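Taken from TrEMBL, the feature domain 'Aminoacyl-transfer RNA synthetases class-II family profile' covers A:141-552. Among the features that TrEMBL reports, L-aspartate binding site is placed at A:174, A:220, A:445, A:486. For A:198-201, the entry in TrEMBL reads region 'Aspartate'. What TrEMBL records for A:220, A:221, A:222, A:229, A:479, A:531, A:532, A:533, A:534 is ATP binding site.
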């Protein structure tokens, strides 16, 4: 090794040692007679001290000319530091160098390599290799590595076996859009990159592997929203001979392990909420339960009092923003504007403020008596100082809008602390959801999800009411994992494909291998997959998954550092038997 | 869980327990009054015993109708076995069932689910999910998982950090052919799948990550030889602030760890062989050193005795097949045919047999005296009973041919025992190799490999003689890993690209990001990558990597189980802005 120690290693015990360090020049302070250099590597920072009269003049001169981010190799003696730096583990010592070798020079970096940098997003992405030098970004990737290790450690010790499934598979248009790969050896044919290893892990269950996992890259060619990536990482798991309860217990233990080992937080038993209740009380299948503020439905209390908006509404529903009665007219107007934004789509906002003296002031005082309003307050369990916020309209839309308002109020009231974690299970999802555009049912999870046995009789008449053995793990309003008990019976799987509008031939072409496998002794099985990027960002206290991916892509799916995607040669196109459409050859 | 125990778990201690097992019907033996069922799961086999007069008649009847590979759930009592089966860990007990529930029936499998199966390769690949049920195949994947765990355990404990690098990257035609992925969002542009994360791991070194690893899928669109896969797995590693010696030591410790933990074998210090010596003594840069049989060069001994073949040859070189003097004329003819096969390309084979009385009989007796032949024998250190096999011709070709003959003789003489492991380092590879077709130099490893500093002066006049700081780890004639110290200086990297025939613009377009990164304080670094599939097959004592991949592809790059690649819809092609060339839309 070019060094004897790292920059995070030396302590008082080493005083007097002759050492060799390597690293980057983080900072250089030149006070005339004294020169200090902070030398940085992955492990920490060590101070080099040079002093006129002690350090050889040539060396001092050389050191003065070092630039930020130069890589150097320093030979010197460890000495006790006169004024200690309590903030860093090496703060008790410093190095008196007697030789400095420049291993590589550096141009001036385009932004500061500091925790707080002056580089904008685009610049930092282009020079991602410099951005990765910053402590904050490095710590994120170190966290990711620790989370991987703890994930594997837990699953390995619970008899899960990690099996790699293929990346070059078959395109199955159901679900999101596939990335495809033209096959040179099979002209006219394409591989697809997996959106998940779903069918392969089910085949492994048919094979008797019993407990499988994989930390695996998956791919979706979707229009990228702010925090989506075309390639992402899943913790993918499957178990045989289980019921839903077994999976919930197993992965509740898994998440508890992660919280224990990574955050030092002891999780109790996870609450469970049915999908129906999640929608009723939070207007979302991924409620942020760090704060209560449950929906209260007001239909019986508000109808037939002459307020047309409420009378016409399918649902009148509100939340109690505790202690927010102090909200000014301006703030209430902001909230009204907020819910009327097109993405949220409410037509207006009704509020009722519970004054300190217990009287209530609302925006609909002309329709409701003081007694009416007291009834509302009591339905909300409201206390003096609380603010009731009420929306009305079509049920599903209103719930969704109130969910947004609830989250906004949670944010404004400081109830969404990144250091508080509130995980829960949402269970009993519907099997199907109706799609207005295509006028047919889609699978809410995927076509392999098993309906609840007691609901199967609804399959012909009320398929929309069938509940699935499907579950999501939600933490702080984020769906971190989801899964289901799978169908393991060929006939039921065929029935499911029919329900989803597959012709027999389509089902057979795309998933014939799986249905065929079900005929050779497929065991009951189920599983779950966790979004690993998301889980890391949650544990890291960040909203952005990009911060936890070494080399992320931007919103157009570009890697601006390496400049990919890019054109390829006509020769490559020829070999792959494809041509560009309306795009000239490069 | 649907079971209380696995099929590998019950022992004498459990006698009297009421248990529930789940698994597959491996075998059913019906002796009239008695019926035995071997119930199998991933963990083992447990015997169920049913007996007329004890078992309820209906249950006995039900059991008789179970077929092979049915999945069942059995409730019963553990009893001590009358005649023990020493071969299985559960052989002391058996189960008297009182309830058997068929969880899923099975059609008759297309081949025997036994260690020795009657299924051919194609059939087993089509029904890979059934093939994976066989103990041998399952054990291979279990070995693979253990090897992954031990790899991570070693590297984690040596401060390597696992970082995931992107799968959707940029096409760089240097090296093998890329798989490419058309970009929907960037019309006319393509991603490429990585042949290795080479540039990304180097960027991580520039970022200061210091020690990186990843067990990662890589992709090469090559014409598939018998044992190549289009997607394969690498253990990819890189370190900063190292010299070649540091990497050799670090990964020698790594491989020793694997042998210790997986095979219980203690490896000593690994021998090192220069590339030049490997070629000279074995005719191969991946010599199988389980057996000696080194090449002996005979030029000074054989020239100018009137034997034109030897006189005209650039090199006359042979091996001593110890104890093979008993080889018959027929066997020697076989060997001659072997070396004359077009893949091997020798023009003939000269032999000399050392008889028990010390006299020598050769195929060229008319040119060489008894004394000449004794000189040969002494050059080979030959003893009575040995057989000398000699080839002649152009140096490189002859060495290659003799390498094949050496391996063949090793095989025939039983010197290539799969349970013996002989790892070594081959070092000092040439930096460049001349390509006759394109009349230019290619990088022997890749363009990022660093020349040996002392050889750089040869760059203008004798570039072919420059040695690289490059090394391979070879075990039993298989290159299991290879790597190099990398260039970390922009100017040297530019020089390298020029030498390889890149124009300035090409180099900039493809690798500008890397050369740019070198200008911001790139540390000295180097690394290695191990072929994980190959390493697993070696540890598993198999020649085929397919046996160690859950879902391999065949020689045409097809997954015959899921039938991929396959056609995609015209709509998909349109979205991707591509058309098929001379292939009608599907």
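Every residue, even glycine, has its Cβ placed from backbone N, Cα and C.
All TrEMBL annotations are machine predictions without curation.
Recorded features from TrEMBL, shown on the structure.
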{"residue": "A:220", "record": "L-aspartate binding site", "Cβ contacts under 8 Å, 6 or more apart": "A:176, A:177, A:179, A:195, A:228, A:230, A:232"}
{"residue": "A:222", "record": "ATP binding site", "Cβ contacts under 8 Å, 6 or more apart": "A:176, A:177, A:228, A:230"}
{"residue": "A:445", "record": "L-aspartate binding site", "Cβ contacts under 8 Å, 6 or more apart": "A:429, A:468, A:470, A:482, A:483, A:484"}
{"residue": "A:479", "record": "ATP binding site", "Cβ contacts under 8 Å, 6 or more apart": "A:285, A:286, A:472, A:473, A:531"}
{"residue": "A:486", "record": "L-aspartate binding site", "Cβ contacts under 8 Å, 6 or more apart": "A:202, A:205, A:448, A:449, A:450, A:525, A:526, A:527"}
{"residue": "A:532", "record": "ATP binding site", "Cβ contacts under 8 Å, 6 or more apart": "A:144, A:147, A:148, A:151, A:215, A:232, A:233, A:234, A:235"}
{"residue": "A:534", "record": "ATP binding site", "Cβ contacts under 8 Å, 6 or more apart": "A:478, A:480, A:545"}
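Pairwise Cα distances among A:220, A:221, A:222, A:229, A:479, A:531, A:532, A:533, A:534, the recorded ATP-binding residues, top out at 20 Å. With a threshold of 8 Å between Cβ atoms, none of the binding-site residues A:220, A:222, A:445, A:532, A:534 neighbour chain B. Look at residue A:222 (ATP binding site): DSSP puts it in coil.
Residues of the region 'Aspartate' (A:198-201) grouped by DSSP class, helix first, strand second and coil last, total 4 helix, 0 strand, 0 coil.
In the three-state DSSP reading, residue A:445 (L-aspartate binding site) counts as coil. Reduced to three states, the DSSP call for residue A:486 (L-aspartate binding site) is strand.
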